[in-house]
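Participant: Pulled these features from TrEMBL for this protein:
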- 25-43: transmembrane segment (TRANSMEM)
- 63-84: transmembrane segment (TRANSMEM)
- 112-130: transmembrane segment (TRANSMEM)
- 150-169: transmembrane segment (TRANSMEM)
- 192-215: transmembrane segment (TRANSMEM)
- 246-271: transmembrane segment (TRANSMEM)
- 277-303: transmembrane segment (TRANSMEM)
Amino acid sequence: MASTVPPVDSPCAPPELHESFTSPIMLFCHSFMSVIIFASFYLSYRALKTLKKQNVFGMSTKILLQSSIINGVVHQATTAFIRFRALYRAIRYFHDPCSIQFSSASCVIEGLLYYHTNLFCSVVCLSLFLDRLASTYIHKFYKSVPKKAAYTFIVIQILIPALILYWVFYDAIYIGYVPLCNYPPKNSNEKFYIVNATRICIFWIIAAASIVHFYQSFKHEKRIIHEKYDTNARYNAFENLLCSRAVCWIICIQAVCLAGTSAIPSIFNIYRGSIPIAWFHGAIAFATGLTYANFFVPIVITFETNRIIRLRRSKIQSLRRQKNDFDYHHDFKTLLESSYKKIHPKTS
């Protein structure tokens, strides 16, 4: 999330802050992040199109992935708007430190939208992890209510960030000035820091748990191969493994991008007296983890979708060669037809 540096009461930026936000490095940062953001829009469009066309994930997983991508687009648009405003002011008021900052009151909408989409992303990862657990351990029941489960998760993804932000900002006083509109109000800094630190810990726990679940899915698939000869059981275990691996990659990518960069405000809060303000602002401008995550996640989704399609066909052909009697041929013909319908659904 954003900085824990408090706003100042004066509209005039301190010399080191003004120098930092008008420096060539900061101007380059705004331009660089704009390229990342607009590239992510295209990648998100491709990922959404792929998810719609190729039904390789379960219905609930697919809906959650779509909600993650859409939330990413909203966050990227919000971030772009905040950065364009900052870039415009940095250029227009290059020699006027008393006009370069924003009043906190003018940043309420952008700030809340920025924070909500940021926290939404974290809860999406928890939803995806719980979705995979349910798909593995209560498969029959969960398969009967995929849309209801997905929409329930989405409601939770909206409510949890809203409740957290209410706790952080319900007593906020929007006075003073901030260099960027994703900086919190002055009297919310302490609660903001608590949320940020807690979020980092929870994110790493979810990432570690998703890796453990993927490893268990891997062992389960191997055990099914050795213990069962039912083709459907083997195929379902293999599909579960592929989906678990894809979700694990998505969660871990976001954990690295988000938790890694979110540590910067926490480190600054601990060593506030020894780190120059200008250094911190330069670092935090580049270290916007969710911007990078929203760039990489659509790539991972598209890549894993195509990979699952390829491995699914290869697995079916491999299992088909193991037996040559009629019953197995009939089973595999059904699997191939089912796989083809999933990959190429009929369009009305």
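Backbone N, Cα and C define each Cβ position, glycine as well.
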Participant: Would you kindly check 25-43, 63-84, 192-215, 277-303 and say which stretch has the most C-beta pairs under 8 angstroms to the transmembrane segment (150-169)?
Facilitator: 63-84
Participant: Counting only CB pairs under 8 A, let me know which of 25-43, 112-130, 192-215 has the most with the transmembrane segment (277-303).
Facilitator: 25-43
Participant: When you scan the chain for residues with a C-beta under 8 Å from the transmembrane segment (63-84), skipping those not six or more beyond its ends, what do you find?
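Facilitator: Non-local partners: 30, 33-34, 37-38, 40-41, 44, 47-48, 51, 57, 110, 113-114, 117-118, 120-121, 124, 127-128, 131, 146-147, 150-151, 153-154, 157, 180-182, 250, 288, 290-291, 293-294, 297-298, 301.
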